[in-house]
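Annotation comment: Swiss-Prot describes 129-210 as DNA-binding region, evidence class sequence analysis. The annotation compositional bias 'Low complexity' is assigned in Swiss-Prot to 409-419. Annotation source Swiss-Prot lists N-acetylthreonine at THR2. The phosphoserine feature in Swiss-Prot is assigned to SER24, SER122. Taken from Swiss-Prot, the feature region 'Interaction with CEBPA' applies to 60-82. The feature region 'Dimerization' is assigned by Swiss-Prot to 219-292, with sequence analysis given as support. Annotated region 'DCB1' per Swiss-Prot: 229-261, in sequence order. Residues or ranges marked as region 'DCB2' in Swiss-Prot: 274-330. What Swiss-Prot lists as region 'Disordered' is 409-446. Feature annotation from Swiss-Prot assigns motif 'DEF box' to 176-210.
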Amino acid sequence: MTAKNVGLTSTNAEVRGFIDQNLSPTKGNISFVAFPVSNTNSPTKILPKTLGPINVNVGPQMIISTPQRLTSSGSVLIGSPYTPAPAMVTQTHIAEATGWVPGDRKRARKFIDSDFSESKRSKKGDKNGKGLRHFSMKVCEKVQRKGTTSYNEVADELVSEFTNSNNHLAADSAYDQKNIRRRVYDALNVLMAMNIISKEKKEIKWIGLPTNSAQECQNLEIEKQRRIERIKQKRAQLQELLLQQIAFKNLVQRNRQNEQQNQGPPALNSTIQLPFIIINTSRKTVIDCSISSDKFEYLFNFDNTFEIHDDIEVLKRMGMSFGLESGKCSLEDLKLAKSLVPKALEGYITDISTGPSWLNQGLLLNSTQSVSNLDLTTGATLPQSSVNQGLCLDAEVALATGQFLAPNSHQSSSAASHCSESRGETPCSFNDEDEEDDEEDSSSPE
């Protein structure tokens, strides 16, 4: 009722001094003080936007604090929410204090909460100091030091470090566990996308940082030589197994023919059971032999050099392998040897018949004969009778190591170079604006 008498409210009890729509609402609290009027001596009538001189006798105060709109007309009592003493501000004082013009939607700087801006700047500083880049570096160091780890192990250690009271960090820069675990999750995804780490189920393994082209080329050359040596070892093992099969089957056929000629098996004292070993030494060598009671263990002591030959070596010297290991195999023996192995391995018998040089065949840099008839785009062998199956299979193995390029195929050249591409070309730089946007996103990837 008092506010209505002094002209601050309209007839329907609305605050008339705060109806102007050009002003934006303030976030602060404005204190309004309404005084009951005991006696007024103003004979003039109060017009809508003018206030005449008023003599007011002040009684008990009632403070109403509510966020409302500011007005540019009339006299109001405003006060800071932090100081209880009200102050009288007239129309001209409000215009000078706020400094706004009609149409300007920005609030006066005087009414901005300074504490809010300081906390925002503090939060921004913490975010720049402990963002995704910072946690990526920490996670990278953890995984590199451990070699093999898991997400929970890395996250638990980082949570322990950042929440440890002994850590010299500011009190307002402490991170909650959920935020740290989310940052660790994002950092692991970034490192995995850059091929720095690998993840299989819950196991995380360290691969390595991207290197320059020279070092990558050197590493590829070392890997290439290692694979070539492995191919040679596999070829030697395959050759030994094929020769054993040929020797055993050839021995079986010979014994079968002898039984047919002699019309019965040979005498027991004239046969040697497989497997066996033969020890060869000089006639002047003194041999001390000890045999266990069960005759399963033998101990030999020699005072001179000696040789040990197994049954396969003996069969080779007997000619049961048709001389394939030395490259002295006739066409008839080669045909017979092919009949003793599966059809899929006949091509390797032809390669073995060339001698020990077969172990290095197709692995030299200047030797492209084995891949000249190989379609690199599909990995299939072109139908030519002059190319045997063994060489084609070797070419496929060599091609997998990046050794060969087709001489007349530009497409295959680009494909091979793409396979040996350096990991250093993986984009590893991030935009600062994108990083800030990611950090402002509060949604957890979990």
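Quick reminder: no glycine exception, Cβ is built from N, Cα and C everywhere.
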- Item | Secondary structure content of the region 'Dimerization' (219-292), with strand meaning DSSP E or B | 47 helix, 10 strand, 17 coil
- Item | Helix, strand and coil totals (DSSP H, G, I; E, B; other) for the DNA-binding region (129-210) | 48 helix, 10 strand, 24 coil
- Please average pLDDT over the region 'DCB2' (274-330) for the predicted structure. 89
